[in-house]
C-alpha cells in the first residue's frame, strides 16, 4: 500500500519540482501561461467533463455543498485561531480557506481514484473559485468585489456545458476532439505552473508558515470527516472530500495578498511551507483513504 501511495503522489511532486527548478533557474514569465490555463485549458476540461453522457450534475450537489461548508468552516476556525496565535486574520484566513483544488487537487483525485473522480473534482474547483474571487478578494482588499467572476470562461463553461448536458445535445466529434485535447493540457501544466509560482514564495515568516502547514490538513480533514457524517455521499465523494480537506494553500493567495498589499511576505511563507509540508501530510491522508 505504501508503494501504491508513493506511485500516486510521486508524479505530482516531481512535475511540480521540475517547474520549481526551471522557474528558479530561468525565471520565466508565467502570466500568459496562467491566463491560458484559466481562460482556455481549464474551461475546456470542465466543458468536456460536463457534456459526457454519464455526467449527472445533481449527483454532485451534496459534495459541492459539503465543500463549500468545509471552506467556510475552515475560515471561521482560522479567524478564531489567528487571534490565539497573534497572526493577522486577513493574512491567515484566506490560505486556510482556499487550497490547491486545481493545481494539486485535480491530478491527485485522478491519480488516486481514477478518471471517474474528475467530474467531482471539477465541481469543487468551480465552487472554490467562486468563493476565492468573491470572499477572498473581500478579505484581502477590505472591499466588496463585483461578481465579475461569474463572467469568467470557467463559469461560462459550466453554464454552457450544463445546458448541453441537460438538453442532451450531441456535440460533433470535430469539436469534441480538439476540446478534449485542450483540456488534457490543463493538469500537467497546472502542476508545472505550481512549481514555478512557488519560486516567488518566501521563508521570511516561517512561524506563520509552519502554523498554516499544520492547520490546513488537520482542520480540513477533521471538517471533512464531520461533513461526511451529515451529508449522504458515495464512497468516492467521501474520499474526494477528505483529500480536498488535506490540500495545502493555493498560490493564488500570495498573488491576491501581493495585489492588495495584505502582508504578502507572511502569506507567501504560508503558501511555500504549506505546500512543502504537503509532501508529508498528503501521503498520510491518501494512505488512510486508500485503506478505508
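Any Cβ shown, glycine's included, is placed from N, Cα and C.
Because TrEMBL annotations are produced automatically, they should be read as predictions rather than curated entries.
TrEMBL has this to say about the protein:
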TRANSMEM  6-24  transmembrane segment
TRANSMEM  36-52  transmembrane segment
TRANSMEM  58-80  transmembrane segment
TRANSMEM  92-112  transmembrane segment
TRANSMEM  118-140  transmembrane segment
TRANSMEM  152-169  transmembrane segment
TRANSMEM  175-196  transmembrane segment
TRANSMEM  208-230  transmembrane segment
TRANSMEM  236-256  transmembrane segment
TRANSMEM  268-290  transmembrane segment
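When Cβ distances are compared across the two stretches, the transmembrane segment (175-196) makes contact with the transmembrane segment (92-112), since 3 or more pairs at least 6 residues apart fall below 8 angstroms. Ranking 36-52, 92-112, 208-230, 236-256 by CB pairs under 8 A with the transmembrane segment (6-24) puts 92-112 at the top. For the transmembrane segment (58-80), same-chain residues at least 6 beyond its ends with a Cβ under 8 Å from one of its own Cβ atoms are 89, 92-94, 96-98, 119-120, 123-124, 126-128, 131, 135, 215-216, 219-220, 223-224, 227-228, 230-233, 237, 240-241, 244-245.
By number of Cβ pairs under 8 Å, the transmembrane segment (92-112) is matched best by 268-290 from the list 36-52, 152-169, 268-290. Away from its own ends, the transmembrane segment (236-256) comes close to residues 60, 62-63, 66-67, 70, 94-96, 98-105, 108-109, 112-113, 116-117, 120-121, 124, 132, 136-137, 140, 194, 197-198, 200-201, 212-213, 216-217, 219-225, 227-228, 262, 264, 267-268, 270-271, 274-275, 277-278, 281-282, 285-286, 288-289 of its chain (Cβ-Cβ under 8 Å, at least six residues beyond either end).
Long-range contacts of the transmembrane segment (268-290) within the same chain: residues 1-2, 4-6, 8-9, 13, 16, 91-92, 95, 100, 104, 108, 112, 194, 198, 200-206, 208-210, 212-214, 216-217, 221, 239, 242-243, 246-251, 253-254, 257-258, each at least 6 residues beyond the stretch ends and with a Cβ under 8 Å from a Cβ of the stretch.
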